[in-house]
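Asks: Input: one structure, supplied below.
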Amino acid sequence: MRITVYSNDGSSSRQVADKLTNKLINNGFTMDAQTPEVVISVGGDGTLLSAFHRYADALDQIRFIGVHTGHLGFYTDWRDFEVDDLVVALQEDLGQSISYPLLEVKITYADTNEVQHFLALNEVTLRRYAATLRTDVYIKENFFESFRGDGLCVSTPTGSTAYGKSIGGAVLHPRLEAMQLTEIASINNRVYRTLAAPIVLPSDEWLLLKPSRTSDYVVTIDQFTFKDRPIESMQFKIAKERIQFARYRHTHFWDRVEDAFIGSKHEI
């Protein structure tokens, strides 16, 4: 089995990554950062997001494992003190995995008609620097609304527990093949109206944004930021690709939600 260990730059994460790498080598595993079959992320959810984008072109050949060195994350199933148990699980590997949906984003630029394609594991946002975002919103071919406000966020089910939740979005179970559109401080008055509620779209529908002609847009795709390009349109749909996680043990999704946002049931 070809494995790579992908770590953030924190000292504790580097120590765990070095320890894990040495144990993997000593147990006969092949370390291969170019064409891995398993990518082990050491850090938190942000580190796993970075690992996902690093290997996004080979998702059909890779399973991910998350080792967290801080707080419990939604993508990390192993703690930093469980390195020995993880190595044993890898030795007993039977190829078991669980997959989650991803978001496919197509951005068409107004100045050059250039088209860029991206995958997102968590969410995509569209804003302007310091002015109101104005964009027409289409669901499939049908016009839905004209949005005015600070911005819009489109998230995956797993991303629904991240930024989307903080702006009033619903929490979606990752078994749902769906994406969610959430407004960021929309303007609603006698002149301008939006739905003013999150929208959940199934996998056979897509979302199209056609913003006003200006160049001061800020687009975020997971942890990446793109600025200062005039955007003709942005199209969102559930991607054909999926992210695969090695399933040696898997924390129940609602247990993750409860632990992250409510606190231990045993403390009540």
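Even glycines carry a Cβ here, placed using N, Cα and C.
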Asks: So Swiss-Prot lists ASP45, GLY46, ASN122, GLU123, ARG148, ASP150, THR161, ALA162, TYR163, GLY164, LYS165, SER166, GLN223 for NAD(+); which of ALA185, ALA196, ALA197, ALA246 goes with them?
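Replies: Swiss-Prot lists ASP45, GLY46, ASN122, GLU123, ARG148, ASP150, THR161, ALA162, TYR163, GLY164, LYS165, SER166, GLN223 binding NAD(+), and from ALA185, ALA196, ALA197, ALA246 it also lists ALA185.
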Asks: Out of ASP45, ARG148, TYR163, which has the highest number of nearby Cβ atoms, where nearby means within 10 Å of its Cβ, if these are the recorded positions?
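Replies: Neighbour-count leader: ASP45.
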Asks: Provide the three-state secondary structure of ALA185 (NAD(+) binding site) computed with DSSP.
Replies: strand
Asks: Quick one: of the binding-site residues ARG148, THR161, LYS165, ALA185, which has its CA closest to the CA of ASP45 (active site, proton acceptor)?
Replies: THR161
Asks: Cβ distance under 8 Å to LYS165 (NAD(+) binding site), same chain, sequence separation 6 or more: which residues?
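Replies: For LYS165 (NAD(+) binding site), the qualifying residues are VAL171.
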Asks: Which residue, of the binding-site residues ASN122, THR161, has its CB surrounded by the fewest other CB atoms within 10 A?
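Replies: Fewest other Cβ atoms within 10 Å, among the binding-site residues ASN122, THR161, is found for THR161.
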